[in-house]
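Reading through the structure tokens given below for one structure.
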Amino acid sequence: MCNQYSRLLTDFKICNVRVLHALRRMPNDDPESRETLISQPNGYAKILVERSVYNEKYFDENYVPGYRPNPSLKEKLQQKCKHCQCSGNCWKNFILTLFPFINIMQNYHIKLDLPGDLISGLTVGIMHLPQGMAYGMLTGLPPVYGLYSSFFPVILYFFFGSSRHISVGTFAVACLMVGSTVQKGVASYKIANPITPALEDTNSSSNSSLLLDDQNDQYVHVQLAYAMAVSFVAGIVQLLLGIARMGFVTVYLSDALISGFTTGAACHVFTSQIKHVFSIKTERYSGAFKLVKTYIEFFGKLPTTNSVTLIASVVCMFILYMVTTYINANPKLKPKMKMPVPIELIVVLLGTIISYFVQLNSKYGVVIVGDIPTGLPVPAANQFTVITEVISDGIALAIVIFAISVSMAKILAKNYDYEIDPNQELVAFGICNILSSFFSSYATSASLSRSLIQERVGGRTQVAGLVSSVLLLIVLLVLGPYFKSLPNCVLAAIIIIALRGMFLQVFDLVTLWKVAKIDFCVWIVAFLGTVLLDVDMGLAVGVIFALLTIVCRSQRPYVCLVGQIPDTDIYRDISVYREAKEIDGIKIFRFEHSLFFVNTEHFKSNLYKVTVNPKELKIKRKRALDKQRRMNKKQETVQTVITLGDSVELQVTGDEMEYVETSITDLYPSLKTSFHTIILDCSTWSYVDSMGVKVLKSVIADFKDVDIKVYLASCKAGIREMFALTKFYDQVSRENIFVTLHDAVLHAQHEKQSLRPVQNNAENGITQDLSDTAVEVSNNGIDNVINGVSNLQPNSNEAYA
């Protein structure tokens, strides 16, 4: 290294750093390489760095890189098998992972944990009763099946779930997706097996006991088969994903996507219940634009509204809204209340009592729930008869349930400083949905409202879920028949008010528009797809569009020119920082994404746009050389040294024997570039694929043809490994790849200053010998010189270290 070039001295301030005094040697104990922190009067620290300028070749020669293992899939499997031993500890860890409740119960404090679990369990159990019956209506099944789904999965989740606070059971979106599958299945069954309804009076209690949405009781077993089948498939999918440790799949469901989807699903839920509010009989449509068809029929039959049902619905919704908004959600009253007012249960009890004594069903035609059987359902396997018809619906249902449940579980776990295992959650929900489907329970999920209530009233573990299950068991075994007179419109009112939180998600659009317009578009597409098409198709459209936005962001990332903050080694976007200045003769190009096949053209076109198109410049310079050749065509012999970027030296032999130098760029100023070096800032690149390497080779070669050097800086280890694998170093020397951006800048500045005809200079390690590069040709052979001009570049015998 020469004295002028071997060291870098950078002087800059680091703000908000305590004054330190230190002298640190480099790993090779080079006394000329050091970093010093010096005390400053203003309380800040000042760093003086003195070290060699490093390219990758010189750096690796001085600091031998370690081996980065990159085992193949076979080697990974062999390593796993090698460490897999059937020891006692191995089995113990497996059992503790599969049954998280063991660890929870080992640390369970009866005096501290049990009181809170009892109170929260009773509170959530009271909520399970009306919500289970109400959400059961969404599936197209009688309300009692909602109670079954609030009982069996809760017990199973206690043993397998890793979250201590979520409340598992019925949830509007999951019930709606199950109902959509049931609706399509019943429609196809009716076409294949037309049956004349035996009963026409839809207002009688005996008929409505097993009816929902005016479905004849002859179809209940078909509805049940499809509901259990889609739940079974969802459970299988979740279990397989959990075993394969694929809990990361939810990363493809962004918050904007989930918000738009659930808001659109809320529109379907509202539409399915509004007819119960008005007591209007409508057909159940399926497929695209089913909401439009439903509302067209609904408004056409609006004159047939049952006024008593409408009044009862409005009164119930008013009471529910006032209590949930101004009492349970009141920040001033919350600290004073040990538990929220169970207004849903109160409304159900009052509705049942009033309906029974006033005889709303027989006198005023108000549709009621009807008979609720006592006892627990007998295990059955009817789902296997139609399981092949619901595979796609089951996959979508599995992903939605998992995404919503894990999101809720992570929020609550963060509040209490513990971790959940997404893979174990997949296993837990898979087992819940598989086993529960044999007991007439459909797919369940974590409920947002119940989970927040369970956590707020003091629930500490899933023991609260067991307490709520005991309460539901009492209802199923003893109290079920007492809810026979409960009007359907009361359950519809509970569902509609519970949707308020989902509808309020529409205000997320305001924030999304301000901070992320692409996420705004994802929300809109997911919402419209769900509303206009259907729940399952809306989810698919939303996911596909969200993935396309990722491709678009990758395809057209942000690019900029970078400048240096004066008197520092810090480089920033010149369009953002006014103090950042471009360095004379150097263009620093930053491409803020990994370079791969999707964005290579964007990279190349923008690089040429902010610097120069070397192919066009080469053509222009060649035309200028042709013109210069014609001007000197009268000379007999020409000894020519051609340098595309600088000048054409013409030595005319004859009588005069004088030396003439003619500059192309002087004759044609447009052919002169304001820079001699381009530096690619690779600090933002995570990886480069083979297509990216190919484009880099092409770009570097094109600029080399017009005497513009291209350096790479801050390449990560993975990128350098890719360069080695693709033989990138055969074309581009490792001496043109620098450890940091500042190293590349200093090298480019020094190299430009040193570019002059000299002999081999061993002192500074840089050799540029131009005097020997000469070709004697006749007039007839000058075309060969022009065609071979790329071979007449300055020859570097030895680059600096």
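In case you wondered, yes, glycine gets a Cβ from its N, Cα and C as well.
What you are looking at is a predicted structure, and each value in this text was computed from that prediction instead of being measured.
Annotated domain 'STAS' per TrEMBL: 576-748, in sequence order. According to TrEMBL, the transmembrane segment annotation covers 135-160, 166-182, 224-244, 308-329, 341-358, 394-413, 425-443, 463-483, 490-510, 522-548.
For the transmembrane segment (166-182), same-chain residues at least 6 beyond its ends with a Cβ under 8 Å from one of its own Cβ atoms are 124, 128, 131-132, 135-136, 138-141, 146, 149-150, 153-154, 157, 223, 226-227, 229-231, 262, 265-266, 268-269, 272, 286, 390, 393, 396-397, 400-401, 404-405, 408-409, 412, 432, 442-448, 450-451, 453-454, 464-465, 468, 495, 498-499, 502, 534-536. Within the same chain, the transmembrane segment (135-160) packs against the transmembrane segment (490-510): three or more Cβ pairs sit under 8 Å, each pair at least 6 residues apart. Contact between the transmembrane segment (425-443) and the transmembrane segment (224-244) is present: at least three CB pairs lie under 8 Å, with pairs separated by 6 or more positions in sequence. Same-chain neighbours of the transmembrane segment (394-413): 162-166, 168, 171, 173-174, 177-178, 181, 229-238, 241, 247, 249-250, 253, 258, 261-262, 419-420, 422, 425-426, 429-430, 433, 443-446, 448, 451, 455, 536, 539-540, counting only residues six or more beyond its ends whose CB sits under 8 Å from a CB of the stretch.
For the transmembrane segment (463-483), the residues of the chain that approach it from at least six positions outside its boundaries are 108, 113-114, 116-118, 120-122, 124-126, 128-129, 132-133, 144, 147-148, 150-151, 154-155, 157-158, 167-168, 348, 352, 369, 371-376, 454, judged by C-beta separation under 8 angstroms.
Among residues of the same chain six or more beyond the transmembrane segment (224-244), those with a C-beta under 8 A of the stretch's C-beta atoms are 139-141, 145, 177-178, 181-182, 184-186, 380, 382-387, 389-391, 393-395, 397-399, 401-402, 423-438, 440-443. Among residues of the same chain six or more beyond the transmembrane segment (308-329), those with a C-beta under 8 A of the stretch's C-beta atoms are 276-279, 337, 340-341, 343-344, 347, 351, 360, 364-367, 487, 489-490, 492-494, 496-497, 500.
For the transmembrane segment (522-548), the list of distant contacts is 173, 176-177, 180, 252-254, 256-257, 259-261, 263-265, 267-268, 286-292, 392-393, 396, 399-400, 508-509, 512: same-chain residues at least six beyond its ends, Cβ to Cβ under 8 Å. Regional average pLDDT for the domain 'STAS' (576-748) in the model is 83.
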